[in-house]
Amino acid sequence: MSVKTKEKEMAVTILYEQDVDPKVIQGLKVGIIGYGSQGHAHALNLMDSGVDVRVGLREGSSSWKTAEEAGLKVTDMDTAAEEADVIMVLVPDEIQPKVYQEHIAAHLKAGNTLAFAHGFNIHYGYIVPPEDVNVIMCAPKGPGHIVRRQFTEGSGVPDLACVQQDATGNAWDIVLSYCWGVGGARSGIIKATFAEETEEDLFGEQAVLCGGLVELVKAGFETLTEAGYPPELAYFECYHEMKMIVDLMYESGIHFMNYSISNTAEYGEYYAGPKVINEQSREAMKEILKRIQDGSFAQEFVDDCNNGHKRLLEQREAINTHPIETTGAQIRSMFSWIKKED
């Protein structure tokens with residue numbers, strides 16, 4: 001069903017528990033390939049939803065014992081793929097093609113369902129399944145630990161549901177039921193396409209959530225410290241307080257955030273915001289989106305993976321040693337409510 005607001009009907013279709021049939025996924029064997037952030041959440045939530053699930057891992061995986069202790073059936077990847085009707089691939093994007101070719105492809109049977117939580121490899125053609133299998137996606141809009149936590153607390157994280165290939169005629173029934181199994185139907189399942197999920201997800205990560213946000217925070221911190229302000233104060237102003245502002249926006253929108261801050265801060269938002277995110281920034285965003293759409297970014301990422309992640313590791317080291325990180329570690333050690341890393 002479509003969801004209506006007071007102003008207009010939303011362009012997307014959102015489905016809830018009453019709109020899906022749990023018996024579909026409960027009547028199928030599911031193989032979860034991988035037991036990382038999303039893998040553990042999918043496997044445990046499905047198991048708790050009464051689904052026959054097994055986890056496929058490489059021999060000697062450090063996650064093998066962890067999954068078994070959680071009550072899951074654990075096998076090697078080939079066995080999981082051979083036994084399953086629905087094979088959910090939840091290893092990292094860059095190794096999915098290799099895992100698919102070496103452990104999954106030979107075990108696919110007509111009528112099986114190949115599933116993903118991100119459309120990267122299907123959309124860009126790095127994995128090309130046979131025509132006689134379903135290809136679906138259940139993409140929770142949150143990290144795995146949140147997907148699991150929300151499920152155990154009785155709620156759920158919204159899911160995107162997509163069908164790329166419907167070989168059996170009931171691929172939509174399967175993906176919607178799968179989303180129910182991981183808790184998505186509790187908060188809403190949004191119908192989308194593989195192209196929409198892949199391109200919008202990558203753009204959001206690069207231009208706003210990860211790339212844009214990190215560079216904005218770094219630039220603010222560097223501007224203040226280069227002007228002679230103490231790094232500790234710069235950290236508080238440009239980094240620490242960010243969560244509080246985002247929480248207000250997340251809970252009730254930008255208007256509520258503006259209601260909650262001072263008039264001085266709100267006026268500064270309107271004055272300075274367009275100077276920081278200006279037409280040049282918007283043109284850069286358009287170029288980022290274009291490179292995502294035409295596959296240039298995907299190929300660059302794959303090339304770097306094939307080169308031993310050279311660029312990724314260099315950039316990771318640079319941010320890990322940036323003054324904002326060393327300052328942040330010192331500041332956060334003062335906060336008793338922040339859980340310390342082991």
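Every residue gets a Cβ built from N, Cα and C, even glycine.
According to Swiss-Prot:
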- 12-192: domain 'KARI N-terminal Rossmann' (DOMAIN)
- Tyr35, Gly36, Ser37, Gln38, Arg58, Ser61, Ser63, Asp93, Glu94, Ile95, Gln96, Gly144: NADP(+) binding site (BINDING)
- His118: active site (ACT_SITE)
- 193-338: domain 'KARI C-terminal knotted' (DOMAIN)
- Asp201, Glu237, Glu241: Mg(2+) 2 binding site (BINDING)
- Asp201, Glu205: Mg(2+) 1 binding site (BINDING)
- Ser262: substrate binding site (BINDING)
Cβ distance under 8 Å to Ser63 (NADP(+) binding site), same chain, sequence separation 6 or more: which residues?
Tyr35, Gly36, Gly39, His40, Leu57
Since the record lists Arg58, His118 as recorded positions, which of them has the fewest other Cβ atoms within 10 Å of its Cβ?
Arg58
Top Cα neighbour of Ser37 (NADP(+) binding site) in the set of recorded positions His118, Asp201, Glu205, Glu237, Glu241:
His118
Give the distance between the Cα atoms of His118 (active site) and Arg58 (NADP(+) binding site), rounded to the nearest whole Å.
21
Per 10 Å Cβ neighbour count, which of the binding-site residues Glu94, Glu205 ranks highest?
Glu94
List the Cα distance (Å, whole number) between Glu205 (Mg(2+) 1 binding site) and Gln96 (NADP(+) binding site).
20
Helix-strand-coil residue split for the domain 'KARI C-terminal knotted' (193-338), DSSP-based:
121 helix, 0 strand, 25 coil
Average the pLDDT scores across the domain 'KARI C-terminal knotted' (193-338) and report the rounded value.
96
Restricting to the chain of Glu237 (Mg(2+) 2 binding site) and a gap of 6 or more, list residues whose Cβ falls under 8 Å of its Cβ, or answer none.
Gly220, Leu224
Just going by other Cβ atoms within 10 Å, which of the binding-site residues Asp201, Glu241 has the emptiest spot?
Glu241
In angstrom units, rounded to an integer, how far apart are the Cα atoms of Ser262 (substrate binding site) and Gln96 (NADP(+) binding site)?
49
Counting only residues 6+ away in sequence within the same chain, which have a CB under 8 Å from the CB of Gln96 (NADP(+) binding site)?
Val89, Phe116, Phe120, Asn121, Tyr126, Ile127
Roughly how many angstrom lie between the C-alpha atoms of Glu241 (Mg(2+) 2 binding site) and Glu94 (NADP(+) binding site)?
35
